[in-house]
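Below you'll find the structure, written out as structure tokens, and then a few comments.
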């Protein structure tokens, strides 16, 4: 029957439109679930060899050995280098702080992988290896029942055609045998039709569960997004803290030894010192001494918000606290990377990269 259908020599019973739509939806769900699952695995573990190793351990039902990840390894190298160079030096101290932050990011990365594997990848894999396999099995049974049904229809059609062609001159006993063959074909058709209808109903009930699968995967997707949000928020906070710590690691003459310095991207409601600051490809604002020409020429004072904590290196400088507002003004002959800051009765030099001019 299958061969004749492929050759176009036999008719085929078509499934109803609703069942066809359900089958198409299930197949589409399976294809895209596999693609999303595989690409999520690539995102969480970019190393293909590590993915293969984890797959093998999973199939062997054994726990994969825990190994250090890339951020943790980089962090350890930085800490070792900083210790070697000397924690008392600016560079050594900065390396150690960067290394500690990288290791914290590595821990957060490990937590993201564990959470995503449990709450997102596992439900997707359970669908592919469980629910969809059951659907595919019942779908194959339905296909076999349909072939049986169409084969029975073909036999009945041949029996009727043979009876029609029978001549009146044929012996009565031979005609009775033809009638008996037709009766058996009709009985077989009723049985195969009943089995086909029953299998179609079973398959339909399973396929209608795809909508529930989508709802479950939606909840899993929300869990995955929350895990990513937590991870990136942790990384941002770690790097923000690191940036503040590095500000204290720089020697007092760091800015004087560099022609340019780095400042954060300005917000929409305020102007970073130097309205003509250039934006680098990394999103940071590069502030040059020429950006302060307006403030220096006007000779007046401006209010400025402190971006980071700053510890004065000597008595000529003013210590700063993040988010406080101070008064700043230019002094003739002062280095272009510094301004004079004033807070109440306290006065001293402040680095411009720690300030944000207010409107």
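Cβ coordinates come from backbone N, Cα and C, glycine included.
Feature annotation from TrEMBL assigns coiled coil to 135-162.
The feature domain 'BAR' is assigned by TrEMBL to 4-255.
Residues or ranges marked as domain 'SH3' by TrEMBL: 299-359.
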*Of the residues in the domain 'SH3' (299-359), how many are helix, strand and coil by DSSP?*
3 helix, 29 strand, 29 coil
*the domain 'SH3' (299-359): mean pLDDT?*
87
